[in-house]
Amino acid sequence: LKDQFDNLDKHTQWGIDFLEKYAKFVKERIEIEQNYAKQLRNLVKKYCPKRSPKDEEPRFTSCIAFFNILNELNDYAGQREVVAEEMGHRVYGELMRYSHDLKTERKMHLQEGRKAQQYLDMCWKQMDNSKKKFERECREAEKAQQSYERLDNDTNATKADVEKAKQQLNLRTHMADENKNEYAAQLQNFNGEQHKHYYIVIPQIYKQLQEMDERRTIKLSECYKGFADSERKVIPIISKCLEGMILAAKSVDEHRDSQLVIDCFKSGFEPPGDFPFEDYSQNIYRTISDGTISTPKQEGMRIDTKTTVGKAKGKLWLFGKKPKPQSPPLTPPSLYTSSTPNGSQYPIFSIEPVHYCMSDIKTGKPRIPSFRSLKRGLVSWYSCLQGPALEDFSHLPPEQRRKKLQQRIDELNRELQKETDQKDALIKMKDVYEKNPQMGDPSSLQPKLTETMSNMDRLRMEIHKNEAWLSEVEGKVAARSDRRHSSDINHLVTQGRESPEGSYTDDANQEVRGPPQQHAHPNEFDDEFEDDDPLPAIGHCKAIYPFDGHNEGTLAMKEGEILYIIEEDKGDGWTRARRHNGEEGYVPTSYIDVTLEKNSKGA
C-alpha cells in the first residue's frame, strides 16, 4: 500500500459515507417507531370509551376486556417511544458525533500525507535540476575540448588562440566537476528522503489511517449492538403488555354477560293471560235454547278467533286495560314443544329458556381446529417424554426424522468421498514410491491406507444403517399416504408388480425403500407362477461396494462382481439382479454401476 494513497483516500471516504448511511437508516427507523407509537396512541384514543358518570353502561366482561386491551396497547405504544428515544440517544447521536470527529481526523492524516508527498516532489525537482545542469555543463566542456583540439592541430592558429581555447576548456571542466558534485549531493539527498518517505513517513500515516478505519468498524459494531439492545430492553415490558391482553381475553365470561343482559332487561311483569270470549249474540238468540246454538257458535268462534281476539286486544290495550289471566301460565317445556301457539295462548319468557339455550350452545360439537391443537400439544408432550436424542432419531416426528436421517446420510457420503479421494491419493503415492524408491518407502503408507479402508468400511456400514432407517420412515409415510386412497386403487397398485419381492405390498407398515419382502402367501404365489420362464436380462452391472444381503429377498455380492439386471430401480432404491448360476435377488442401486442394453431397455 506504499503507492496507494489515492485508493486509501477513497476507502476512508467510503467508510465515512457508510457510517453516515447507517446513521440515516437509524434516523428513519426512529421516525417509523415514533409514527407507529403516535398512530397506536391515536387508535387507543379513538376507541376509548367517552362517557360521563351519569351515563353508565352495563359492565359486560367483553367490554371490560377490550378496555384493558386498549390500556395495554397504550403502554405498548409507550414502549415503542422508549425504543425510539433509546435509539436516538445511544445510536444516532453517537454516530453523528463520531462521524464529525472521524472527518476531522481523516482530513489531518491526508494533509500529512500530501505534505510528505509534496516534500518528496520538491527534492526530486532539485535533484532533476542539478542533473540537467550537470548534463549541460558536460556538453559545454565537450565542445570546449573539441575546439581546443581543433586549434591545437591547426598550424595556422596562433599561440594566443590555442592558449585561450585551453583556458576555456579548463573553465568548463571545472564547472562540470562542480555540477557533478552538486548533482551527486542532490541525488543522495533525494534517495534518502525517498527511502524515509516510503519506509517511515507514509507507513506511519497509513497506520494511523488503518487505526482510524478500525475504530470506525468497532464503532459500527457497538452501534449495531446498541440498536438491538434498545429493542431487547423493552421486550420484558412488551411481554407483560401482551400477557395483560391474554389475561383480559381470558377474563371474558359469557355467562356473566348473559346474566347482565337478563338483569338489565327483566321487566317483572307477568305474561299476559288468555283473552276471554265475548259473546255479542246473546241479545239476538235469547229465545233459542243453549243446546241448539252451542255447536254453531263454537264453530264460528273457531273460524273468527283471530279477528275477534285482535279486535278485543286492540280495544283493551287502547284504553290501557289488560285482560285477566284465565289459565295458568305455560311451563318452559310447552314453549319448545309448541311451535305455533293457538289463538288464545302466548309463549312465556323467563330465565330458564335462556339458560337452556346457553347449555345447548356449550354442549355443541367442538370445532376441528381445537382437536388439531390438542393433537399438536399431545405430540409435543409425547416428544418431551422420549428423553434424550436417539441415534436413529426415533424420538422425532416422522418428517423431522426423515430430514435428520437424510442430512446424516449426505454428511456420511461427503466423508466417504473424502476418504475415497484420500485412498486414491495414497495408492498413487504408493505407486510413485514403488517406481522411485529414493522418494520414499511404500510400506510406510500401508498403515494409513489400511486405516483409510477401515474408515471407508465403517462409513459404508453407517450409510447402509441410516438408509435402512430412512427406508423405514419413508415406508411409513408412503403407507400412511396409501391409506388415504381408495381400496380399488390400492388393489391395482399392489397387483401391478411382476414378483412378490416388489417394493409395494398390501401391508401398510412394510418399508417402501427397504429390501423387498416375500408375499404373505408364498406357496400360493409359487403355484401361480411356478411354470413361468425367468425374466430376460436387460443389462448388466458391476458391484462398486460389497453387500452382505442378510435380509430376505436380497442378493449378496462382492466388490467388482458382475451381475445381470432383470428389473430396473422402481424409485425405491433397489434393483433386481441375477447371478450366472441363476440366483436372483435385490441389491442396493447405490452400490452398483448399471449398464442397460438399448435394445432391451424397458422389456
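Any Cβ shown, glycine's included, is placed from N, Cα and C.
According to TrEMBL:
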type     : residues : note
DOMAIN   : 1-257    : domain 'F-BAR'
COILED   : 124-168  : coiled coil
DOMAIN   : 395-472  : domain 'REM-1'
COILED   : 402-436  : coiled coil
COMPBIAS : 478-488  : compositional bias 'Basic and acidic residues'
REGION   : 478-537  : region 'Disordered'
COMPBIAS : 525-534  : compositional bias 'Acidic residues'
DOMAIN   : 536-597  : domain 'SH3'
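If you look at the coiled coil (402-436), the same-chain residues 6 or more away from its ends with a CB under 8 A from one of its CBs are 392-393, 396, 442, 445-446, 448-449, 452-453, 455-456, 459-460, 462-463, 466-467, 469-470, 473-474, 477. Remark: secondary structure over the domain 'SH3' (536-597) totals 3 helix, 29 strand, 30 coil, with classes taken from DSSP.
Residue counts for the domain 'REM-1' (395-472) under DSSP (helix as H, G, I; strand as E, B; rest coil) come to 72 helix, 0 strand, 6 coil.
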